[in-house]
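Report on the structure given below.
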Amino acid sequence: MYSFNTLRLYLWETIVFFSLAASKEAEAARSASKPMSPSDFLDKLMGRTSGYDARIRPNFKGPPVNVSCNIFINSFGSIAETTMDYRVNIFLRQQWNDPRLAYNEYPDDSLDLDPSMLDSIWKPDLFFANEKGAHFHEITTDNKLLRISRNGNVLYSIRITLTLACPMDLKNFPMDVQTCIMQLESFGYTMNDLIFEWQEQGAVQVADGLTLPQFILKEEKDLRYCTKHYNTGKFTCIEARFHLERQMGYYLIQMYIPSLLIVILSWISFWINMDAAPARVGLGITTVLTMTTQSSGSRASLPKVSYVKAIDIWMAVCLLFVFSALLEYAAVNFVSRQHKELLRFRRKRRHHKSPMLNLFQEDEAGEGRFNFSAYGMGPACLQAKDGISVKGANNSNTTNPPPAPSKSPEEMRKLFIQRAKKIDKISRIGFPMAFLIFNMFYWIIYKIVRREDVHNQ
């Protein structure tokens, strides 16, 4: 009886053992067929137990990491001449390969991770060399993207608003073409560890319908390499050049057309009567002051540069024409009043000449009496053989031809007034013709010659 119970217990234990083993094998089979959870996979891929160290670059002590970059421009604007910078909002995308992040355990070909995972992986130390100010975007969440592919490729995208320096050459302003650059450089890794390069296709993309208030962003993009050499080593650098052509519509309406009308307004004084001194002087001074204000306004939004700009030449010539119109009336007024000065000069000359003439005649008469009476010669002794007196002969030989009759004051006044009117008539044609010639040279030089030089550069 005892042996039978022992045998039955043994059989029962054997059955339980095999059933447990079978259940464990079934559970193991189920667990093998079930995919790993994302949390477990990430812990295994880059957690503390994975051995991944974000402080060490991929291929440590090996070949440099090649980082492919591209940018997508969301907005481009706020180009300031005074501070010589521009503002741009972009998506910056960087791609590189990290063999430590390659996987086969997870079924998906790529993983889109939360931005908080960025602190767990290695990232390039990219910075913008010509950056003056920048900020990230966090509304409604951090505008960052992290994607890891099965082969270890990493895509890191971030949205940034940048204020970048843009040195400008304003000699042709406002008909200029500016070139603004964006430089992407490594801060700490030399070219032995890290190399930046532009993406082969679509390195620089622009949002559809992107427009600028005063410029046209040209479609061709100039992509270059700008390797930097410092005391600490040779660092990788890439740059994109944006060519911006300024539109003249605003400046035509605000500067060129008003100044042109002011110059034309100053020519009205040539048709106003020269006797209307208050009208002509008031018009001349008003146009000069208005032109001065217009010229100052054109320089208010520009930096204080040492060279001459195209707008400076235009404003200076317009001011010169307006001021010359005012001086023209001064010349006309001076010429029209010259007859009064001439009459005053004649009166002074006649006043000084009359006493001298009387004195000369008295001396001449006194000398005659002395000569003839001293030698006892009377008037009869001065008769010649032909009956002509000596004195009469002398007078006939020394008399000058009679002077031309002088013009009357009224005739002189009319003569000088005609001369003044002639100056006005010449100015009516000369000023517009001179301004037209200046315009021809000005627009040909700045719209054709200078622009071709810029394109050739």
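For all residues, glycine too, the Cβ spot is worked out from N, Cα and C.
The following features are taken from Swiss-Prot:
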- Arg93, Ser157: glycine 1 binding site (BINDING)
- Glu220, Asp222, His243: Zn(2+) binding site (BINDING)
- Tyr230, Asn231, Thr232, Gly233, Lys234, Phe235: strychnine binding site (BINDING)
- Thr232: glycine 2 binding site (BINDING)
- Cys166-Cys180: disulfide bond (DISULFID)
- Cys226-Cys237: disulfide bond (DISULFID)
- Asn66: N-linked glycosylation site (CARBOHYD)
- 391-410: region 'Disordered' (REGION)
- 1-28: signal peptide (SIGNAL)
- Leu289: site 'Important for obstruction of the ion pore in the closed conformation' (SITE)
- 29-250: topological domain 'Extracellular' (TOPO_DOM)
- 273-277: topological domain 'Cytoplasmic' (TOPO_DOM)
- 299-309: topological domain 'Extracellular' (TOPO_DOM)
- 331-425: topological domain 'Cytoplasmic' (TOPO_DOM)
- 447-457: topological domain 'Extracellular' (TOPO_DOM)
- 251-272: transmembrane segment (TRANSMEM)
- 278-298: transmembrane segment (TRANSMEM)
- 310-330: transmembrane segment (TRANSMEM)
- 426-446: transmembrane segment (TRANSMEM)
### Task
Any same-chain residues 6+ apart from Asn231 (strychnine binding site) with CB under 8 Å of its CB? Would you list them in sequence order, or say none?
none
#### Entry: Pairwise CA distance, Ser157 (glycine 1 binding site) versus Asn66 (N-linked glycosylation site), rounded so that it is a whole Å
16
### Task
For the binding-site residues Glu220, Asp222, work out the Cβ neighbour count at 10 Å and name the residue with the minimum.
Glu220
### Message
Please report, as numbers and ranges, the same-chain residues at least 6 past the borders of the topological domain 'Extracellular' (299-309) whose CB is under 8 Å from any CB of it.
### Response
81-84, 170-173
### Distant-in-sequence neighbours of the topological domain 'Cytoplasmic' (273-277), which means Cβ under 8 A and at least six residues beyond its ends
329, 332-333, 336, 417, 420-421, 424
### Task
Report the nearest neighbour of Asp222 (Zn(2+) binding site) in space among the recorded positions Arg93, Thr232, Lys234, Cys237, Leu289, comparing Cα positions.
Cys237
### Summary
Reduced DSSP state (H/G/I helix, E/B strand, rest coil) at Leu289 (site 'Important for obstruction of the ion pore in the closed conformation') is helix
### Query
Given the recorded positions Asn66, Arg93, Cys166, His243, Leu289, which one's Cα is the least distant from that of Thr232 (strychnine binding site)?
Asn66
### Query
Which chain-mates of Lys234 (strychnine binding site) that are at least 6 residues away have a CB under 8 A from its CB, listed by sequence?
Thr190, Met191, Thr227, Lys228
### Other same-chain residues whose Cβ falls within 8 Å of the Cβ centroid of Tyr230, Asn231, Thr232, Gly233, Lys234, Phe235, the recorded strychnine site, in sequence order
Thr190, Lys228, His229
